[in-house]
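Notes follow the structure.
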Amino acid sequence: MSRNHEKSGTYLEVSAVTKNCPKEGFRWTRRTAIILGTFGFVGVLQGSCYSLLAPFFPLVAQEKGNTASQFGLVLGIYQLIVFLTAPLHGLLLSTHVPAKVMLCTGMFVDGACCCLMGTLVLSPPGQTFFGLAMSIRIVESLGFTATLTCCYAVVCAEYPNHVEVAVPLTELAFGLGLIVGPSIGGVLYEYGGFILPFVLVGSLLVASSFLTMVIFPDIDMPHEDSTVAMKDVYDCKIFVDLFIVVACFITLGFNEATLAIHLEQFPLQPSLIGLIFMLGGGTYGISSFPFGQVCKRAADPRRICLLGGISMLTCFALIGPQPFFNFAPTVPIISICQLLLGLGVASYYIGTFMHAIKHSVEHKGLPNNLSTFAILSGLFSSSFSLGLFIGPIIGGALLDRFGYAWASTFAFGLQVVVMVVLVTTLACDKIHQPRLQEKTPLLKDKTNHGK
């Protein structure tokens, strides 16, 4: 590496990545405060932009002549675009586009489109409303993808020895956005109509994009020799991690698209519906940090996913409830189920993401830098977005045809499949682990003799 490159900060070595996160403990420096503070604020705003429409948009869409399948597609198309473009954003961030540019551009596009969503109240009903909503959500999702991929890749690259702190803090911020989004959206819709929640939150995100351009530090790009390709990261274990994430977020997307309709049977104000949505997002954000600490100390972070599976199964057994239960749904039961849902999503996502990082860096020997983490971030962003795309579409279609109780059987059955796959994978790894440990000393001896 030349001295010119060292001075300009164009390239990034592993030692440069780890300078802000010594192994003896996580240290709060000015750079750390700016990076995590920015991602925290951005996470809250982006979580709010994504979730604020949940309590009232399905109701407004029905008034505009749209079916449950149509507004389910409006909610889901956002995540389809993230699914299709997140790996591309990860590759661009890994090799070409500076992190600061991707972050600020994504924030601006996301916020501007959020403001435009508020103007849909002026749209004619029927297919015009549906088409405009779809178009705005597609462009908005491109901004969201750029920002999200950047956030996870940068925090992992800046603090690779303390991923259990940095990633859950980012998750906590997004979870808080999921909290305040539906609750603020419901309150503002109740008192200011359809346009106010979108314009207020979107304007804050646009203004924040300009502020971030000024205060956010430059993030070094990885050296050309240490960049990672998609094929280097992807293998069977990563595939299982991604499958679990997809299935987890299918159930979350199902909940987003159908819960407001399920709650129509109770005399609740939009603000109260928003508070019920808040429970899941709050539990998701708050529980991410302790799950990160547990995963850091666990031999296999995926074991924490077993708790997520139990929580998910309990949630979708009771929230409908399942047709084989002989009791009527109540607001307290539904609220408890939202808490269980948030707990399950957090344990699934943190457990699989931490396992993917540990497997890629420690077991496969990939570089501990922005390139590896950008690819992983793109894959995981793509996977949870695929789930959030499929979930609302299936949820809306099943709700139209069978009603909520039978529709929730799909989510329950999917979690049964996830638990079977997870337990089988953990058991197989446990069986093969002794063989790998027997081979490891031989490999080390060969390496030492080679030196």
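Each residue, glycine too, has its Cβ placed from N, Cα and C.
Look at TrEMBL and you will find 195-451 tagged as domain 'Major facilitator superfamily (MFS) profile'. Predicted-model confidence for the domain 'Major facilitator superfamily (MFS) profile' (195-451) is 82, expressed as mean pLDDT.
Within the chain, the transmembrane segment (33-53) has long-range Cβ neighbours (under 8 A, six or more residues past its boundaries) at 78, 103, 107, 110-111, 114, 117, 140, 144, 147-148, 151, 154-155, 158, 166, 169-170, 172-182, 184-185, 197-198, 201-202, 204-205, 208, 212, 215-217, 256, 277, 281. Look at TrEMBL and you will find 33-53 (among others) tagged as transmembrane segment.
For 73-94 (among others), the entry in TrEMBL reads transmembrane segment.
Residues or ranges marked as transmembrane segment in TrEMBL: 101-122 (among others). With a threshold of 8 Å between CB atoms, the same-chain residues lying at least 6 positions outside the transmembrane segment (101-122) that come near it are 42, 45-46, 49, 53, 60, 89, 92-93, 129, 132-133, 136-137, 139-140, 142-151, 154, 193-199, 201-210, 212-213, 216.
Within the chain, the transmembrane segment (134-157) has long-range Cβ neighbours (under 8 A, six or more residues past its boundaries) at 12, 17, 35-36, 39, 42-43, 46, 49-50, 73-74, 77-82, 85-86, 89-90, 93-94, 99, 102-103, 105-114, 116-117, 120, 163, 166-167, 169-170, 219, 357, 369-370, 373-374, 376-378, 380-381, 385. The annotation transmembrane segment is assigned in TrEMBL to 134-157 (among others).
If you look up TrEMBL, you'll see 169-189 (among others) marked as transmembrane segment.
Summarising the annotation, TrEMBL assigns transmembrane segment to 195-217 (among others).
Residues or ranges marked as transmembrane segment by TrEMBL: 238-261 (among others).
Within its own chain, the transmembrane segment (273-292) is flanked in space by residues 47, 51, 54-55, 163-165, 167-169, 171-187, 252, 255, 259-260, 263, 304, 331, 334-335, 338-343, 345-347, 349-351, 354, which lie at least six positions past its ends and keep a Cβ under 8 Å from the stretch. Annotation comment: TrEMBL describes 273-292 (among others) as transmembrane segment.
Counting residues 6+ beyond its ends, the transmembrane segment (304-325) has Cβ neighbours under 8 Å at 244, 248, 251, 262, 291, 294-295, 298, 333-334, 336-338, 340-341, 343-348, 350-352, 404-409, 411-412, 415-416, 418-419, 422-423 in the same chain. The feature transmembrane segment is assigned by TrEMBL to 304-325 (among others).
The annotation transmembrane segment is assigned in TrEMBL to 331-351 (among others). Residues 167-168, 171, 175, 244-245, 248-249, 251-252, 255, 259, 262-263, 266, 268, 276-277, 279-285, 287-288, 291-292, 295, 301-305, 307-312, 314-316, 318-319, 321, 380, 384 of the same chain lie 6 or more positions beyond the ends of the transmembrane segment (331-351) yet place their CB under 8 Å from a CB of it.
Residues or ranges marked as transmembrane segment in TrEMBL: 372-398 (among others).
Same-chain neighbours of the transmembrane segment (404-428): 237, 240, 243-244, 247-248, 250-251, 254-255, 258, 261-262, 300, 302-303, 305-306, 309, 312-313, 316-317, 319-323, 394-395, 398, counting only residues six or more beyond its ends whose CB sits under 8 Å from a CB of the stretch. Look at TrEMBL and you will find 404-428 (among others) tagged as transmembrane segment.
Recorded stretches compared: 73-94, 195-217, 238-261; the one with the most Cβ pairs under 8 Å to the transmembrane segment (372-398) is 73-94.
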